[in-house]
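Among the features that TrEMBL reports, NADP(+) binding site is placed at V9, G10, I11, A12, S39, R40, R41, Y93. The Zn(2+) binding site annotation in TrEMBL covers C277, C288. Marked as domain 'Gfo/Idh/MocA-like oxidoreductase N-terminal' by TrEMBL: 3-120. Residues or ranges marked as domain 'Biliverdin reductase catalytic' in TrEMBL: 128-240.
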Amino acid sequence: MFGTVVVGVGIAGLARIRDLMNPMPSSPSEHLKLFGFVSRRSFGNINEAKQISLEDALRNKDIHAAFISTENKSHEETIRMFLEAGKHVLVEYPMALSAKAAHELWEMAEQKGKVLHVEHIELLTEEYKQLKKEVAGKDLVKGTLHFTGSVLDENKSGFPAFSGIARLTWLIDLFGDLTVTSATREKQKDKNYSRMTVHFQTANKKPLTWIEERGPGMRREKKINFCFTSGCLENFPEAPRSSVGLFMQDQNLFAKKLLGQVSKEELAAEKWRILRCLDLAEVIQQYCEEPEKIYS
């Protein structure tokens, strides 16, 4: 059994507490036992899970793994603390708000022989699984992924290339390695509006565009337009509802890693994808924050 603690009790943290207390029968999650949760706010208990201090969570030898569901800006520091304390870590994406920090943390986990698992539930949705099947084996000509959503506090969530890394993860997972050719960002502070536009090239020099747009009252939505030599895909394929929740699927994957049931090849591919996306997020941020070039 692996003793666990949940750090942060927002929407994701509460889902983690629920799933740890109600593991799927006969699943790897049955090897996880919730010891409690850590929060800056005072709750006492949540559904029989007891609140403990951060110091207790770090010190307790019966706690082997931490589920980190805090705001994005504190992921790096929290991961570092738990790795230093000799704990395995599951963290919600993005694992850090700089590529350098992400590489350092991964190296630290490897040196300590600990599992560092980054949640990417966007890859576990039935919608995405069907899309991946639809795209498989087709030759891309060009494509666009356009996301809209409500306003985020960037001081907590980070630059849009990091907070929106789920979209970048989709593109890398569908089309392989990408190179950023340009990236710009439009901001209307008075309207609390932001639009980031990123242009990529695939390894075969095909163009891909990612638009991340946020503003008050904007519906959370993804639109695709992927054109292949065989035709264009403008709507998501029909997908069945999964009987297993996304956080539970992710929790099962983490437990499988703790139990040594995930192949080295799968772990290496996942590590490459996660770190590559964070590297690209940083390149995108640099492009967007470059002062405008003045040509004489």
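Keep in mind that glycine also has a Cβ here, set from the backbone N, Cα and C atoms.
In TrEMBL, annotation is done automatically, which means it is predicted and not curated.
Residues V9, G10, I11, A12, S39, R40, R41, Y93 are the ones the record ties to NADP(+), and the longest Cα gap between any two of them is 22 Å. Sorted by the number of other CB atoms within 10 A, the binding-site residues V9, I11, A12, C277, C288 start with I11, the lowest. Neighbour density for S39 (NADP(+) binding site): within 10 A of its CB lie 18 other CB atoms from the protein chains shown. As a whole-number mean, the pLDDT of the domain 'Gfo/Idh/MocA-like oxidoreductase N-terminal' (3-120) in this prediction is 96. All protein chains shown were included, and the count of other CB atoms within 10 Å of the CB of Y93 (NADP(+) binding site) stands at 20. I11 (NADP(+) binding site) sits 30 Å from C288 (Zn(2+) binding site), counting Cα to Cα. Applying DSSP to the domain 'Gfo/Idh/MocA-like oxidoreductase N-terminal' (3-120) sorts its residues as follows: 48 helix, 30 strand, 40 coil.
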